[in-house]
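Undergrad: Take a look at the following structure, please.
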Amino acid sequence: MLTKLAMTGFKNRWRDYLVLFSGLIMSSAIFYMFEALATNQEFLKQNSSISMIGIIFQFGAVLLTIITLVYISYANSFLLSMRKRDYGLFMLVGARKGKIGQLIWLETLLVGISATIVGIILGTALTAGIGKLLINTLDLTLHHFAFWHTPAAIATLLLYVGLFLLAGLFNLITLTKTPALKLLHSNEQPNRPRLKPVRQLIEIILGLILVAIGYWAMANLALLNITGIGLALVTIVLGTYFLFNAIFVWLMLFLKRLSAGQRGLNGFTLSQLSFRIRNYTKMLSIVAMLFALALGAITVGMGFHAQTPLMANGNSAYDMGVVDANATEKRQIAKLKPVKKATYHFKADKKAVYYLASEFDQQPFTITEMTSQAQLDYHQKALKSAALSKSHDLYQLMQLQTSDRQRTAPVFLSATAYAKLPQKEQQLTIFATKDLMANLDGLKDLATLRQQRDKGIAKGLLGGRYGSYKLVNGMYSGLEFMGLFLGIAFLAMLASCLMFKILSGADADQHRYVMLDKIGATQKQRRQAINKEIAVLFVLPGIVGVIHVLFGLQMFKLMMIASPYSGIWLPFLIFAGLYLLYYLITINIYHRIVLR
Amino acid sequence: MTTPIMTVSDLHKTYGKPGTKQYEALKGIDFDVQPGEFVGIMGASGSGKTTLLNMLATLDKPTSGEVTIHQQPITHLKGNQLADFRAKEIGFIFQDFNLLETMTAFENIALPLTLQNVASKKIKPAVEAVATQLGIAEFLNNYPNELSGGQKQRVAAAQALINEPAMLFGDEPTGALDSKSARELLDLFTKINQERAVSILLVTHDPFSASYCQRILFIKDGRIGQELHRGEQSRADFYQQILDNLGTFEQ
Ligand SMILES: Nc1ncnc2c1ncn2[C@@H]1O[C@H](COP(=O)(O)OP(=O)(O)O)[C@@H](O)[C@H]1O
Ligand SMILES: [Mg+2]
């Protein structure tokens with residue numbers, strides 16, 4: 001009988017359950033995605049040149065577990081807020097507490113476990129989908145990447161089942177220990193927003209000090225090593241929490257005093273926000289941290305991606321060299337529309353490759369010269385034979401030779417000396433396209449053609465700009481992939497976290513908006529009030545998150561050759577777009593719950 | 001005879017969509033309210049009082065019939081017009097204190113004005129004036145959960161009155177109050193009815209509350225069955241008359 005009653009409650013609110021359910025699915029899917037990389041030791045080893053990567057992932061896993069904990073407690077309070085009234089009523093009509101406890105326990109576990117299983121399936125699909133997408137669009141080479149990884153699935157299942165057992169226990173205790181009447185009228189009690197200047201000043205100072213320590217630790221990672229990352233995580237989360245706690249109250253009271261704070265429903269919105277301060281500050285500091293991690297990961301990933309052609313361009317002025325090009329190869333070169341092209345004759349023995357000095361005087365060879373290693377600044381210089389033979393950038397010509405002669409030094413001879421050499425004469429064609437990145441496909445085809453005669457190419461001895469590109473890309477692919485993949489996962493997590501926290505308040509808000517309607521607030525005014533309130537909750541952690549990222553990128557000065565800050569607008573823009581999307585979804589659902 | 005402030009003509013309300021199980025809660029209601037009148041609507045539980053009040057106060061739409069307030073038909077108001085009308089012309093007080101627990105008493109009372117974007121310079125004196133009249137000036141900075149039931153209802157009344165509405169509607173406003181607070185609130189209604197010349201429509205099942213009205217309409221099974229005028233009687237006599245009447249009316 002009671003089970004039947006519980007089911008009707010379930011049916012009446014299937015829409016809210018759908019929100020809850022999809023949120024839990026999202027969360028477990030994301031956790032699985034993360035674990036699919038983090039528990040795949042082979043993958044981590046093979047795809048990163050950074051020895052710390054394993055430990056970074058372990059930190060990430062701990063962090064994500066904590067976040068999941070918080071997330072589930074929010075999702076659970078959302079569930080509880082939906083069910084309190086129903087269960088209160090059952091108790092009033094005389095249902096036994098034991099029976100109700102059983103029901104709650106069962107309901108929580110059922111919702112949780114089924115969501116987790118669907119989540120793992122979705123996570124597998126997402127891992128495969130996002131993985132494919134990134135690999136294809138970014139031209140990545142990954143080893144041992146697997147979208148299904150059993151240890152990851154087990155870890156996800158264990159964590160979630162464990163957490164839901166706890167959540168069920170928690171629900172059981174709250175619901176059965178609270179008197180029925182209280183359940184029926186369980187509205188949050190307001191926190192009177194108070195200014196406590198001394199306490200808030202201490203909080204601000206403490207917060208600033210903690211955040212400063214965190215920023216310092218990130219900038220001095222070389223000194224602190226792994227402890228630096230742990231230190232930064234702890235201090236920044238705590239510092240952000242103190243700052244939010246101190247500044248939020250003050251900010252709301254300040255805004256209320258402005259005349260704009262009194263117009264329309266603004267006063268109502270500010271009251272709503274300060275009413276929920278205590279609830280929100282914890283979540284906001286976590287969201288700010290997640291925001292920073294997600295944005296940081298994406299920025300770093302894209303930074304590695306942007307760095308690849310830079311490094312390739314700095315390595316050579318020519319895309320490739322072809323020795324004794326046959327007709328097909330010549331056609332392929334012509335198809336690439338080279339902007340720079342030269343052909344040199346040579347004869348070669350074991351010790352050296354002999355070129356005609358006069359040919360280099362007529363068609364000087366262009367070298368690229370680094371002006372500063374850290375900033376990847378370089379300029380190009382065309383050198384004639386005399387200068388070239390003395391230049392330490394002569395290796396750039398060597399790399400354009402066939403794979404077996406990459407280490408054989410070029411020698412420039414006069415016409416007479418050259419004529420005396422008994423070896424067969426050969427011909428080296430070198431060329432550069434206008435834009436390496438735009439011609440990757442054509443260059444790949446040419447490399448395949450060359451490989452038929454020059455087996456060494458298969459081992460990566462390709463030479464030239466394209467060869468460097470392949471080399472660097474192989475080196476960075478793993479990092480790039482992890483950065484983007486984790487960024488997307490963290491973003492999804494943070495947005496769902498925020499969404500749930502906000503939506504779990506929607507139920508309590510419903511009667512407030514009904515009242516506003518009765519008092520004469522227009523539909524538009526009510527919509528805008530919701531939009532503003534939620535915008536504040538999205539924007540605040542966003543701003544703080546951006547600041548964290550800007551400082552956090554200091555860490556990557558160690559690993560990245562170009563400045564981690566260059567081209568930063570692109571990931572920020574993409575991120576802002578995704579974040580906006582989440583905001584729009586959230587207000588949409590909120591409107592539907594509150595204004596129906 | 002003056003022009004009535006509110007007219008109600010042939011009002012019907014049927015709950016439930018055609019084809020499903022339907023219930024006719026109002027079966028043709030007609031009456032007028034004169035400016036400054038204090039009218040009570042009495043009936044047993046389930047007789048259709050709340051349904052009627054919701055139609056009159058624009059909170060729900062009748063199936064047929066018309067209601068005018070200030071000669072303006074109100075049943076077809078929509079969107080912003082409806083919101084404006086609610087904000088300016090009418091005020092409500094319900095049994096379950098319609099206050100926002102996130103805002104102080106002051107902010108709650110001021111809300112109808114801020115909604116109209118009235119300048120904050122004008123808001124403060126207006127709120128203080130009405131709060132003084134209703135005897136809650138000292139509680140303006142309290143949150144609803146820091147007030148007693150009677151105080152809450154007075155804050156709700158202040159909020160309903162702040163825009164100087166033409167009509168004040170109350171649906172069992174004393175329903176959740178102890179008898180002393182109820183008496184104070186009803187005295188207050190009488191006072192604002194006289195001092196502000198605001199018309200009041202009070203819905204109640206309680207004869208004591210009804211005895212504060214000048215005229216009582218008895219509703220039964222969705223129809224108005226009978227009407228009682230207090231005239232020059234004392235309240236105690238009127239109360240006795242209501243009780244006697246109920247005895248016969250409910251049979
Ligand atoms: N939304 C509704 N849907 C269907 N029936 C309703 C609805 N609201 C009220 N009723 C019915 O209309 C009748 C009158 O209800 P109501 O006006 O609330 O009575 P009162 O306020 O006099 O106690 C009752 O029989 C009630 O069941
Ligand atoms: Mg009623």
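Every residue gets a Cβ built from N, Cα and C, even glycine.
Quick paste from TrEMBL:
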TRANSMEM  A:17-34  transmembrane segment
TRANSMEM  A:54-82  transmembrane segment
DOMAIN    A:60-179  domain 'ABC3 transporter permease C-terminal'
TRANSMEM  A:103-126  transmembrane segment
TRANSMEM  A:146-173  transmembrane segment
TRANSMEM  A:201-223  transmembrane segment
TRANSMEM  A:229-255  transmembrane segment
TRANSMEM  A:283-304  transmembrane segment
TRANSMEM  A:481-503  transmembrane segment
TRANSMEM  A:534-556  transmembrane segment
TRANSMEM  A:568-590  transmembrane segment
Undergrad: Counting by DSSP, what is the helix, strand and coil composition of the domain 'ABC3 transporter permease C-terminal' (A:60-179)?
TA: 103 helix, 0 strand, 17 coil
Undergrad: Can you work out whether the transmembrane segment (A:146-173) touches the transmembrane segment (A:103-126), with the criterion being 3+ CB pairs under 8 Å where the paired residues are 6 or more apart along the chain?
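TA: Yes, the transmembrane segment (A:146-173) contacts the transmembrane segment (A:103-126).
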Undergrad: Is the transmembrane segment (A:17-34) packed against any residues at least 6 beyond its ends, judged by a Cβ distance under 8 Å, and which are they?
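TA: Cβ under 8 Å, 6 or more out: 10, 60-61, 64, 68, 71-72, 75, 78-79, 82, 111-112, 115-116, 118-120, 122-124, 126-127, 130, 152-153, 156, 159-160, 485-486, 489, 492-493, 496, 499-500, 503, 589.
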Undergrad: Using a Cβ distance cut-off of under 8 Å, indicate which of A:229-255, A:534-556, A:568-590 has the most pairs with the transmembrane segment (A:283-304).
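TA: Counting Cβ pairs under 8 Å, the winner is A:534-556.
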Undergrad: Under an 8 Å Cβ to Cβ limit, what residues of the same chain, 6 or more beyond the ends of the transmembrane segment (A:201-223), are close to it?
TA: 229, 231-236, 238-243, 245-247, 551-552, 554-555, 558
Undergrad: Need one number: mean pLDDT over the domain 'ABC3 transporter permease C-terminal' (A:60-179).
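TA: Across the residues of the domain 'ABC3 transporter permease C-terminal' (A:60-179) the model's pLDDT averages 81 on the 0 to 100 scale.
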Undergrad: Can you say which of A:481-503, A:534-556, A:568-590 has the most Cβ pairs under 8 Å with the transmembrane segment (A:229-255)?
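TA: Ranked by Cβ pairs under 8 Å, first place goes to A:534-556.
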